[in-house]
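The annotation domain 'Thioredoxin' is assigned in TrEMBL to 29-193. Annotation source TrEMBL lists active site, cysteine sulfenic acid (-SOH) intermediate at Cys81.
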Amino acid sequence: MASALARRAGGSPAAALWAAARGFASVGSDIVSAAPGVSLQKARSWDEGVATKFSTTPLKDIFHGKKVVIFGLPGAYTGVCSQSHVPSYKNNIDKLKAKGIDSVICVAVNDPYVLNGWAEKLQAKDAIEFYGDLDGSFHKSLDLDIDLSAALLGRRSHRWSAFVDDGKIKALNVEKAPSDFKVSGAEVILDQI
C-alpha cells in the first residue's frame, strides 16, 4: 500500500518509504505477512454459522498456492458497490477463470450474514466468494481502512482490487475516493494478470 499512501500524501517518495517501513502490503509483498494473525468470515447464513461454530478462515488458506483476485469495497448494499463493483467481477468471471484465476473474492467490513444476503440478492454467490472483515482488522493491517462516518458507515474499506499469486501481491489498485470506480473493476485487473 506504499503507493496508496504516497498518493494520499501527495505522491512523496518519502511517504512511500515510510509506508514500506511500517510493513503495509504493497506490490511484491506477501498479503498474509502484511496482515498477521488475521482471519476472515466466509459469507453464510446464521444456521451455517452455528453449524460451523462461527469458524473463520485464515488468510493463508485463502491465498497460499492459489491465484486470487480480491477486491474490497465500503459496504454491502451501498450504491457503487451494488451497481458497478460487484457486477464488474460477476460479468467477467469467465474471463478471469480463463486467465487461471482460482478464486475471485469480495471483502468488506460487514458481518458474514449481511454479506450472504447481499450476495444472494446480487445473484453473485456462484461466481464470487464473499468474506466479512467484521472488525476491519484486515483492511487496517493493509492500510486500506477509511473513516466513512460522514456517510453513517463508520470505519470501512477503501475501494480497491488486487491480483495475488501464492500470497504475493502482483497488482494493486486503490481508488482515490470511495465513490470512485475507475481503477478497481474487473476490466482493469484483467489487463494486469
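Glycine residues also receive a Cβ, built from the backbone N, Cα and C atoms like all the rest.
These figures come from a predicted structure and were not determined experimentally.
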Whole-number mean pLDDT, the domain 'Thioredoxin' (29-193), equals 87
Cβ density check for Cys81 (active site, cysteine sulfenic acid (-SOH) intermediate), other Cβ within 10 Å (all protein chains) comes to 24
